[in-house]
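Participant: So TrEMBL says this about it:
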COMPBIAS  B:35-46  compositional bias 'Low complexity'
COMPBIAS  B:56-70  compositional bias 'Low complexity'
DOMAIN    B:179-474  domain 'CDC20/Fizzy WD40'
REGION    B:15-84  region 'Disordered'
REPEAT    B:232-266  repeat 'WD'
REPEAT    B:308-339  repeat 'WD'
REPEAT    B:443-474  repeat 'WD'
Amino acid sequence: AAQQLGREHQGITLRGSAELVAEFFSYGINSILYQRGIYPSETFTRVQKYGLTLLVTTDPELANYLNNVTEQMKEWLYKCIVQRLVVVISSIDSSEVLERWQFDIECDRTAKDDSGPREKSQKAIQDEIRSVIRQITATVTFLPLLESACAFDLLIYTDKDLEVPEKWEESGPQFISNSEEVRLRSFTTTIHKVNTMVAYKKDSVP
Amino acid sequence: MAQFLFEADLHGLLKLDTPIPNAPPARWQRKAKESGPGPSPVGVSPMKPANRSHSSSKTPSKTPGKSGSKIQNTPTKAGGDRYIPNRSTMQMEMANFLLTKENDPAEESPTKKEQQKAWAVNLNGFDVEEAKILRLSGKPQNAPEGYQNNLKVLYSQKTTPGSSRKNSRYIPSMPDRILDAPEIRNDYYLNLVDWSSQNFLAVALDNSVYLWNHTSGEIIQLLQMEHPDVYVSSVSWIKEGNYLAVGTSSAEVQLWDIQQQKRLRNMTSHCARVGTLSWNSYILSSGARTGHIHHHDVRVAEHHVATLAGHTQEVCGLKWSLDGRYLASGGNDNLVNVWPCTQGGGGDFAPVQTFTQHQGAVKAVAWCPWQMNVLATGGGTSDRQIRIWNVCSGACLSTVDAHSQVCSILWSTNYKEFISGHGFAQNQLVIWKYPTMTKVAELQGHTARILNLTMSPDGTTVASAAADETLRLWRCFEMDPIKKKEKEKASSAKSSIIHQSIR
């Protein structure tokens, strides 16, 4: 808590920015899993964050898994070596990729050299994050129904020369063939900028 | 060249105008062969002479149909047709391949590659080719067996089979009346109907407002917007029923006198369309697309007396409580704000409560008439929940999943129930018992989503306006005549006691 307060007064540091973005991903992924019905809605609980009521999973295994990803993201964001996070939703039976949530990260590498924190209020960043999360929630109004049971996958695009840590493996991009794309709002902490986009399979029947 | 042949073969199979290989030779072909190589020129294929022979050896006995079929019999691969008789010098396979297949990117020049790479880096901020894609292994269990992705179930709700619930009263399943509402705007965020205490139902149809007299059945066109592109976005009757407030897409709030059918005032203070209005005696509150709520004192020239800034997106739900102490507002930003009637210490209006639990736009906002400080709210497509709140404590008393977009909620004192209007998939009205939150009845009939609900002054009938361009009047809160008499007796008895005490 003290660290957070410090952040508010001192402006945004590289470490602070990495934490904010990693936190956003954690809540964002939880929201996607809830809204798209990947896991039963009873397994989610409400928490207050960013001035919104958000839903996070209570399933211990899933929470643990997401935690691992968040912690790793924090580190990589701090080193500015991660470029993209993708949530891939595919059908369990046909293994076909139905939806692809892509979060592009632009990192201002000069922040690594600067020692001084950047000027941007916590509140402004929270407002921007709030808009993006609300948009993610609202996408249910136009995304095609996920008819079958689906599973999700998390892909992270990093620099080529990164040493692959334990528990992580290399993978393909898992693009959707014949997709429709919608770009959502973006937010920036002045050090990291996150652009959100969702791609879904175009209905074959018009 | 073998691969080109294969490609060409594939494409040939898909095209109708290429020759059919390995087919039995056509009659004229056989004829040509019989007649020998006489008229054939340098050309390789047997087809060419066929064309020649067609023109030269046409006998009168040949029917037009037959000659027609000859022309349709197209030449073999390297052969000619009537436009280009000799194609031997063309490389058909090569041409076919190049025309139909995309170019192999490996054939690009090195400078072009560099250029593309530079573009990619610029667009993506990094070189996507150079990125490594990682996946965390040890993914947790997928949803447990037997879990069906409930979104599909949600959005394709089937009608629930007749329940064994005993209804204490008869609620007709058909509407009392169906009125035509052509050109009604199918916009979730607008509030286009309102029923006055004088029994006039005001309906906004695109750029006009019509009044329907429930007692006489008469219809009057009250107004029409001057500018063709402007439409009416909200209507609201003053308590007495003699003035109608009209909000427009051009950000105006107009006040109309019904008896004279004249516009009394045109109040401009908003800068975006006014989607919702609510009266509190002489104060008219209006909510706009900008998220601002303005209070207008309609008695004075300087009507704009206050601004409430609590929403960041369109205000679609706005209701003053019956005692005039609180104003509840719901917006497209999924927030519900409860505002006091007086300003705080700093002269600014700040909400006494803000509820963030809804996951969708909150248009349905309604105060309970028999319990103080109880508010009902309903969420849009992303949320579908109806929530009951105590605005003093801020607690959510109950939540019920309505499985469908909620557009409006109305309370009914007659039976201590409330009714909600819905959209996809059943477009129904649901009557709920309060506080048990059980379904009393479902009224179906609309063929498109319900947009607004309003109640008659006697509390027995609910009018629903839907995107199917109809208004249906449901007589669902009809009081049992015996019970009605009891009620009247009770209220009159009270007043007589008062009279006695005064004496």
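The chain as shown is numbered from 1 upward.
Each residue, glycine too, has its Cβ placed from N, Cα and C.
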Participant: Write out how many residues of the repeat 'WD' (B:443-474) are helix, how many strand and how many coil, based on DSSP.
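Facilitator: With helix first, then strand, then coil, the repeat 'WD' (B:443-474) has 0 helix, 17 strand, 15 coil.
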Participant: Tally of helix, strand and coil residues over the repeat 'WD' (B:232-266) according to DSSP?
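Facilitator: Its residues fall into 0 helix, 23 strand, 12 coil.
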Participant: Can you tell me the mean pLDDT for the repeat 'WD' (B:232-266)?
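Facilitator: Result for the repeat 'WD' (B:232-266): average pLDDT 95.
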Participant: Could you break down the residues of the repeat 'WD' (B:308-339) into DSSP helix, strand and coil, giving a count for each?
Facilitator: 0 helix, 18 strand, 14 coil
